[in-house]
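> I have a structure I would like to understand better, so I am pasting it below and will then ask my questions one at a time.
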Amino acid sequence: MNSFMALVLIWMIIACAEADKPLGETGTTGFQICKNALKLPVLEVLPGGGWDNLRNVDMGRVMDLTYTNCKTTEDGQYIIPDEVYTIPQKESNLEMNSEVLESWMNYQSTTSLSINTELALFSRVNGKFSTEFQRMKTLQVKDQAVTTRVQVRNRIYTVKTTPTSELSLGFTKALMDICDQLEKNQTKMATYLAELLILNYGTHVITSVDAGAALVQEDHVRSSFLLDNQNSQNTVTASAGIAFLNIVNFKVETDYISQTSLTKDYLSNRTNSRVQSFGGVPFYPGITLETWQKGITNHLVAIDRAGLPLHFFIKPDKLPGLPGPLVKKLSKTVETAVRHYYTFNTHPGCTNVDSPNFNFQANMDDDSCDAKVTNFTFGGVYQECTELSGDVLCQNLEQKNLLTGDFSCPPGYSPVHLLSQTHEEGYSRLECKKKCTLKIFCKTVCEDVFRVAKAEFRAYWCVAAGQVPDNSGLLFGGVFTDKTINPMTNAQSCPAGYIPLNLFESLKVCVSLDYELGFKFSVPFGGFFSCIMGNPLVNSDTAKDVRAPSLKKCPGGFSQHLAVISDGCQVSYCVKAGIFTGGSLLPVRLPPYTKPPLMSQVATNTVIVTNSETARSWIKDPQTNQWKLGEPLELRRAMTVIHGDSNGMSGGEAAGITLGVTIALGIVITLAIYGTRKYKKKEYQEIEEQESLVGSLATDATVLNGEEDPSPA
């Protein structure tokens, strides 16, 4: 009976606790409870998510969202999370405009203008890998066209995050994984994880979005049409506007009818047209603006976004469980990963379509449009290798110079050290060891052991140190890797008559000595440069002394192209501008760029972090692996442990000595017991022998007495 009453009492306590919870936390957490209680829709256009500012793509959620309080917008129309607030547009904000974009360099996104125009990092390439931009650039260049854009925008809310918003669990865990590697001084692994963070969460965090709808028409019109009407560019935009209004069945005013002939010319010169509907009801031919606008309320989308770089949100108040200096190091690691993402997707070159040096792949102008080409001689490449551990790796990494047959440059050329890196390969082999117990009982134990072989390679290319004879160098026929093609052949191969030379881990450099047959496949070569070494050919004076610092760029009249990203280091090569610019635009190069180590190096166990600016120290609890601010007594104890460990024997040594002493004592005790038992057994045998001897003597005496004194018969 008592147990039954106790069970009822516990049930009542749980029920009361559930009843005291806020509305949004009863039973199943989430917006569904609020939605059922308030009978309102949930606002889906929310900030706090990650954003890839190169591709204009929403990424993983960075800021946490909860619906504990069942908040609503100020006008009571939508349910919103606790971590955001809205600014409703009280007035009607229907905007219509028409514009001409003469060059793709003036591109502006329809739905992410604000975040693309922020000035942090490499803002010149923001949005340059979005589908919208790449379509516009391709059509402008291929059709020799300009772009006209007409749009109708209706903004309903501006939704912003609160300053007290917390980081999401998934994002926090990813940061903690990076922190764990930084604590252990595993810098390469931390860099790899930071690049994965960029892959999953983007480069920025959205802090504000405009919720509404937009109807956009983009036309591409021949450039000649705009040049013929340069003095009346306004009438060109007006013609674009009339074409748009005709699509949405809008009644055109009588003033526009006089422009019928210009509108017809506009339509006849239009090479491409597209109408997009962002939010509202789906667009269809013949829809009216009135019908489209009435459907906006229940179909809101983001029509503009604003935000800050991802590393801005990695700060001590967002990660209170970590030491301040460690958070600062974490933020710097993530910022560096974002910069690498921008750097590896920045393609300098001539962006003027009318220049003979125009580079279709370039997304940033480098003032090479008017430069004249200088003929340079290519002295070949070679690569040295040194085994560091494990199996033989250098046989696949070494490369001799085709001109010398050795690891050297021909006379008149100087070597330029491009890069040195360590190559790792994992392998397993059967290893057998003899294991003994008490040095008596032995057996052979075999197991499959995983090991890492390492080798260091050093890549060089040869530059002419002065005047060299004609046809003394090699012909250059492009490069390719196991993941990229050679622009000369559009395949992973060299042109006919060319030989692939190995450089780095996977790069193939196509060269030829045949000036008669190979010349038609050759391209003017302007040098190599890497993340650590510039190009001596940029300045003719530095070519004479390759040890002098040189710029990481191409000479005038040459454009740079990616050769390979070798373990986080970009290596580029230079060819004559205007070559290798055909085909479609290059896709974005996504991280990670760094190879994770096959096996972790010797880790450093960080237990104390001190901030030199505030003189505050953090101690890591070995039981929970949690950080906390250290009290003076705890700091002294921790320092004593650290210095004690360093001055005394290690844990392994202490354990070994303890085990040895224990075994020795066991042997001594065993021998003592064995000796004692053997000694006692010997005593027992002597006593038995004595008793036996006495008994036999007594028997003999009795017999003798019987013979001497026989009893009377």
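Each Cβ is built from the backbone N, Cα and C atoms, and glycine gets one as well.
Small disclaimer: the values here were computed from a predicted structure and weren't measured.
Relevant sequence annotations retrieved from Swiss-Prot are reproduced here:
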type	residues	note
DISULFID	Cys34-Cys70	disulfide bond
DISULFID	Cys350-Cys369	disulfide bond
DISULFID	Cys385-Cys394	disulfide bond
DISULFID	Cys432-Cys446	disulfide bond
DISULFID	Cys436-Cys442	disulfide bond
DISULFID	Cys531-Cys569	disulfide bond
DISULFID	Cys554-Cys574	disulfide bond
DOMAIN	30-345	domain 'MACPF'
CARBOHYD	Asn185	N-linked glycosylation site
CARBOHYD	Asn269	N-linked glycosylation site
CARBOHYD	Asn375	N-linked glycosylation site
REGION	410-653	region 'P2'
SIGNAL	1-19	signal peptide
TRANSMEM	113-120	transmembrane segment
TRANSMEM	127-132	transmembrane segment
TRANSMEM	235-244	transmembrane segment
TRANSMEM	248-256	transmembrane segment
TRANSMEM	654-674	transmembrane segment
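Map these features onto the structure and tell me what's around them.
Around the Cβ of Cys70 (disulfide bond), the number of neighbouring Cβ atoms within 10 Å comes to 20.
Within the same chain, residues at least 6 positions away in sequence whose Cβ sits under 8 Å from that of Cys369 (disulfide bond) are Cys350, Thr351, Asn352, Ser355, Asn357, Phe358.
Using a 10 Å radius centred on the Cβ of Cys394 (disulfide bond) and all shown protein chains, the other Cβ atoms total 16. According to its DSSP assignment, Cys394 (disulfide bond) is helical.
Cys432 (disulfide bond) carries a strand DSSP state (E or B).
Long-range Cβ neighbours of Cys442 (disulfide bond) (same chain, at least 6 residues apart, Cβ-Cβ under 8 Å): Lys434, Lys435, Cys436.
Secondary structure at Cys531 (disulfide bond), as computed by DSSP, is coil.
Secondary structure at Cys574 (disulfide bond), taken from DSSP and collapsed to helix, strand or coil, is strand. Sequence-distant neighbours of Cys574 (disulfide bond) (same chain, 6+ residues apart, CB-CB distance under 8 A): Phe525, Gly526, Gly527, Phe528, Phe529, Asn535, Leu537, Cys554, Pro555, Phe558, Ser559, Gln560, His561.
There are 14 other Cβ atoms within 10 Å of the Cβ belonging to Asn185 (N-linked glycosylation site). In this structure, Asn185 (N-linked glycosylation site) belongs to neither helix nor strand by DSSP; it is coil.
In the structure as shown, the Cβ atom of Asn269 (N-linked glycosylation site) sits within 10 Å of 20 other Cβ atoms.
Counting every protein chain shown, 9 other Cβ atoms lie within 10 Å of the Cβ of Asn375 (N-linked glycosylation site).
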> Secondary structure at Cys369 (disulfide bond) (DSSP, helix/strand/coil)?
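Cys369 (disulfide bond) sits in coil per DSSP, no helix or strand.
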> Going by Cα-Cα distance, pick out whichever of the recorded positions Cys70, Asn185, Asn375, Cys394 is nearest to Cys446 (disulfide bond).
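When the Cα distances are compared, Cys394 comes out closest.
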> Tell me which of the recorded positions Asn185, Asn269, Cys531 ends up closest to Cys385 (disulfide bond) in space, Cα to Cα.
Cys531
> Would you mind reading off the Cα separation of Cys569 (disulfide bond) from Asn185 (N-linked glycosylation site), to the nearest angstrom?
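Distance (Cα to Cα, whole Å): 21 Å.
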> So of Cys350, Cys446, Cys554, which of the disulfide-bonded residues has the fewest other Cβ atoms within 10 Å around its own Cβ?
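Least crowded of the disulfide-bonded residues Cys350, Cys446, Cys554, by Cβ count within 10 Å, is Cys446.
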> Hey, how far is Cys531 (disulfide bond) from Cys70 (disulfide bond), Cα to Cα, in Å?
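Cα of Cys531 (disulfide bond) to Cα of Cys70 (disulfide bond) measures 52 Å after rounding.
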> Would you count the other C-beta atoms found within 10 angstroms of the C-beta of Cys34 (disulfide bond) for me?
22
> Counting every protein chain present, what is the number of Cβ atoms, excluding its own, within 10 Å of the Cβ of Cys432 (disulfide bond)?
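Result for Cys432 (disulfide bond): 8 other Cβ atoms within 10 Å.
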> Could you give the Cα-Cα distance between Asn185 (N-linked glycosylation site) and Asn375 (N-linked glycosylation site), in whole Å?
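A Cα-Cα distance of 47 Å.
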